[in-house]
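Right, one structure below, let's go through it.
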Amino acid sequence: MITSNTSFLALIGNPVSHSLSPIMQNAAIKYLGLDLIYIAIPCKNEDLEIVVNSLKKMNCKGLNITIPFKKKVFDLCSEISPVAKKIQAINTLKLKNDNNWSGTNTDIEGFIYPLKNLNLTNKNSIILGSGGAARSVIQGLIDLKLSKITIISRNNNSLNELITLFKNDIKIEGILNTNDEIGNLIEETDLIVNTTPIGMSQTSDNDAIPFGQSSWETIDSNTIVYDLIYNPSPTPFLKFCDRKGCMTIDGTQMLIAQGAKSLSFWTNGLEVPFEVMHDALKKYL
């Protein structure tokens, strides 16, 4: 029951109407018997500082931060975790006792979650896309001790940024999606991760495959293919790779695992029920 004493957690971004976070977070909150509620708050670019600082004065305990604010909230935090500093992205804020925000990033642990029991040490990986999501993926693959990462992208500037950021941590290279060597790379890689929005329900490319179907005809059936998109599930890309005999992973487990880690962060280490969150999403979708 919501009362005047009920605290709240919120997702801040633009847009947030498509987010499934309130569904899974409120299911976990109810299961744990917490006097909390989780809501999504749309925020314009120019209003970010006002909104985030105003929430300090309300009964807000923590925030999730999504596109396009994961870097912009740095200046609003008095404390930032080393991992968030490293990848230059914050997705979770917690209000400290001194009424200032502490920022961290749970996307990396979320990304790793479905890969933890696979032996990827010294394996090679291809990452599709060089946007913000690629940073968490690269750090996750470093943590899993892969030996080499190749990023395929349409944007040379963002490719170079990522290589500069991570070149001291792992063997990493970037190539443009027009490179003739892509077919050979795909044939030889162990893990492919799609971080692009191609295939997402809300995009005009919702029936498309990253860089075109012809790029993937040579994919080996032993390759693991991981698409960060969770709606639709599976994506056209995963359907294609599944028909090729590949092991496929969608973005649902990452979504839940990063959300569970955020809720644990807000509640000082409380064990959060993954399955309860998963069942809530499954029922909704």
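Using the three backbone atoms N, Cα and C, a Cβ is placed for every residue, glycine included.
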Discussion item. Can you find which of Gly110, Gly212, Gly245, Gly251 Swiss-Prot lists as binding NADP(+) at the same site as Gly129, Ser130, Gly131, Gly132, Ala133, Leu228?
Written reply: Gly251
Worksheet item: Cα distance, Gly132 (NADP(+) binding site) to Ser19 (shikimate binding site), nearest Å?
Response: 18
Fill in: In the chain carrying Gly251 (NADP(+) binding site), residues 6 or more apart in sequence that have Cβ under 8 angstroms from it
Asp227, Leu228, Ile229, Tyr230, Ser233
Worksheet item: In whole Å, how far is Gly131 (NADP(+) binding site) from Thr66 (shikimate binding site) when you measure between their Cα atoms?
Response: 13
Worksheet item: Counting only other Cβ atoms and using a 10 Å cut-off, which of the binding-site residues Gly129, Gly131, Gly132 scores lowest?
Response: Gly131
Discussion item. If I take the alpha carbons of Gly131 (NADP(+) binding site) and Asn91 (shikimate binding site), what is the distance between them in whole Å?
Written reply: 15
Worksheet item: What span in Å does the shikimate site cover, taken as the longest CA to CA distance among Ser19, Leu20, Ser21, Thr66, Asn91, Asp107, Tyr230?
Response: 18
